[in-house]
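Q: Take a look at the following structure, please.
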Amino acid sequence: MAASISNASHAINMLGLIVNLFTLVVLSRFRTTKDYQSSFDTAQSALDLSINLLHYLSSFPLPTVPQMTQWNHFYCRLFLSRALLWASTALRAHLNLFVATHFFIKIALPFTRFSLRQRVPFWISMVISVYSFVLGSIPHLHSTTYMPKSFTCTSNKTAQFSAHNSFGLTLRYLSLLVVVHNYLIPILTASYIYHQLFYVLRRSTSKAFAVMKHELLIRFLLDVVCYTICYSPAYWALFFGYYWDPSKLETGSEKYNNISFLTFFYPLLYPLISLFTRRSYRRPCEELLRQLCQPSKNSGDSSRISNTSRSSTR
């Protein structure tokens, strides 16, 4: 059972890696309009691709070479502990929130000149992103320890996270802060923003607003509903299970990997659903197909011209 779940996770992650790589190339190279929405799409695809790569980097074994002890310490703390993976996941949630905020400003507050492109809002969003990234990684940095004698990265002992010492108590409260700041706040705030957007657009009957409502509905389903379904078990079980009862869950254990199984689906489902349902993804694909078909058309025209010239010479 454990082997089948592990193989399925790697297969899903490989598909997500391929799809996100294709999507990122298409969105960055063949997009017809370079507006703020397309920039968000490109950033989300790049972050999903990074999450796919971090999933693989979190499963590689350590080299058994004494000269690479420092590298093994670094790799064990950042990658095998899933610290960078969880930090990127937190960054993805806040990026989804920034997208919802951008649409709310453009649609519900069109009379204001406030925009995320301005210098102050941009740097505020960057500070929040960096803070959520660092906050999401700190608890996991202490979840694993490298053993130089055996060249292994092992989960820390239960006693280290005990509530009877200050370090364990600090990690417990920090894990609670991570769940609130990197999971609950982005999801609940984005849900409220999309609810207000649908309320503003409920009476509009024009075609442009109908297209906008369809785009917002797909974004709500992907950025809020799908994210909640894929990451809820991992957030609640991994944080409260590991840091509040460490004997129940260890980093890299079979139970840990089983709970994390749904997290592999989000970087795959997001680009797949977007490619089939969103115009901002279909148009670059149509442009790619148009450019791929253009050389064959030109070659056909040149062949016809050459045949005509040959017949005229005869």
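Backbone N, Cα and C atoms are what each Cβ position is placed from, and that goes for glycine too.
TrEMBL labels come from automatic prediction, so no person has curated them.
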Q: May I ask you to indicate which of 98-119, 120-141 is given in TrEMBL as transmembrane segment?
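A: When 98-119, 120-141 are checked in TrEMBL, transmembrane segment belongs to 120-141.
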Q: To the transmembrane segment (12-30), which of 120-141, 173-195, 256-273 is linked by the most Cβ pairs under 8 Å?
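A: Answer is 256-273, with the largest number of Cβ pairs below 8 Å.
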